[in-house]
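Student: The structure's right below; bear with me while I get my questions together.
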Amino acid sequence: MNIHEYQGKDILRKFGVSVPKGIVAFTAEEARQAAEQLFEEQENPVVVVKAQIHAGGRGKAGGVKLAKSPDEVFDIARQMIGCTLVTHQTGPEGKEVRRLLVEEGMNIEKEFYVGITLDRATSQNVLMVSTEGGMEIETVAEETPEKLLKIQIHPLQGLQGFQARQAAFFLGLEGDKFKNTVKFITALYKAYTAIDASIAEINPLVITKEGKVMALDAKINFDSNALFRHKDFLELRDISEEDPFEVEASKSNLNYVRLDGNVGCMVNGAGLAMATMDMIQLAGGKPANFLDVGGSASPETVEEGFKIIMSDKNVKAILINIFGGIVRCDRVAGGVIEAAKKVGLDMPVIVRLEGTNAEIAQKMLDESGLNLIAANGLREAAQKVNEALS
């Protein structure tokens, strides 16, 4: 689950991670009042107005601006709230700005990158630091890997003091700046583990001219599978930032991810879903979604998934690929039939069913009177999808 920058900073602050003073605003007037409060409390002659959306690249898109007075903050906020911000992470449709973070300005001397996430290749958390703060870390890793240090963290031992010092040495810091950075990294790891985050990224981490170490930006994502331990974090969820199809799917406990293709997919099992998407691509099509109905799918959840797929206007054909192990094929067939009758079929639907009660399911589909195309294998199913689209 993703949260906004200001929410992430509020959480990090509780664990001793240094972050600038900031106030969230939902209107231009609230932004002005926030600026008045910050100017009274700080010596810096500027504040920063930052659009709050679940995407990076806001600065280049005009979503981060400096202001020297409350009136200037008001004017910026009036232009920014309600506008659509398009970044390299939002896609061409962009995201509407509904809230802002008004934050104290910083006298920046140096910028770095610090992040902690899970390295799936080693099944360990990894601390990453780079001297190239403010840049996309993927770009740094690809173009200048010598400027990125990765430190594996043993799951039983946790982050060790020498590892935090190693990271600070890599950044070329000395004296109080070195000590403060070690303290910062240690606090960040403490927060990362305590809240069950999947990523805690500070980009940039800044050293101010006064010697302070501060998180100028913060990206915190939670492990959704651990949210049962942090029910208060569910209140931080901003549904308006999420894809409406994915929100609807989550209500039925469906694993759905929207893509930009034209072939809707309904599959049971993440591995089979990935293989199905690959086969569609190889056959000349393009997947419109990832949808795993899971092993305990009921006719109701299948029906809901089918409706969600058909609600996507980009979908021109649907491939249903079910291997019945735990989930019974007749359950899936029942859900498809009910959904098709309620929504109406106006596109080709290719069905491949194998496993538990596959013959019963096929008979149900044959007797339904619906225009469904049967396939006897995954490759054949993908080819029939491509034929239906041509």
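Quick reminder: no glycine exception, Cβ is built from N, Cα and C everywhere.
What Swiss-Prot shows for this protein is this:
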DOMAIN    9-248  domain 'ATP-grasp'
BINDING   Lys50, Gly57, Arg58, Gly59, Glu103, Met106, Glu111  ATP binding site
BINDING   Asn203, Asp217  Mg(2+) binding site
BINDING   Asn268, Gly325, Ile326, Val327  substrate binding site
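Each of these features: where is it, how hidden is it, and who are its neighbours?
Tutor: If you draw a 10 Å sphere around the CB of Met106 (ATP binding site), it holds 19 other CB atoms from the protein chains shown. Classification of Met106 (ATP binding site) by DSSP places it in coil, neither helical nor stranded.
Long-range Cβ neighbours of Asn203 (Mg(2+) binding site) (same chain, at least 6 residues apart, Cβ-Cβ under 8 Å): Tyr113, Val114, Gly115, Gly133, Gly134, Met135, Ile137, Asp217, Lys219.
Gly325 (substrate binding site) carries neither a helix nor a strand DSSP state and counts as coil.
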Student: Could you check which of the binding-site residues Asn268, Gly325, Ile326, Val327 is the closest Cα neighbour of Met106 (ATP binding site)?
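Tutor: Going through Asn268, Gly325, Ile326, Val327 one by one, the Cα closest to that of Met106 (ATP binding site) is Asn268.
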Student: Give me the CA-CA distance between Asn268 (substrate binding site) and Gly59 (ATP binding site), in Å, as a whole number.
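Tutor: One finds 40 Å between the Cα atoms of these residues.
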Student: Would you work out the biggest C-alpha to C-alpha distance among Lys50, Gly57, Arg58, Gly59, Glu103, Met106, Glu111, the residues that bind ATP according to the record, and give it in angstrom as a whole number?
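Tutor: Among the residues the record ties to ATP, max Cα distance equals 20 Å.
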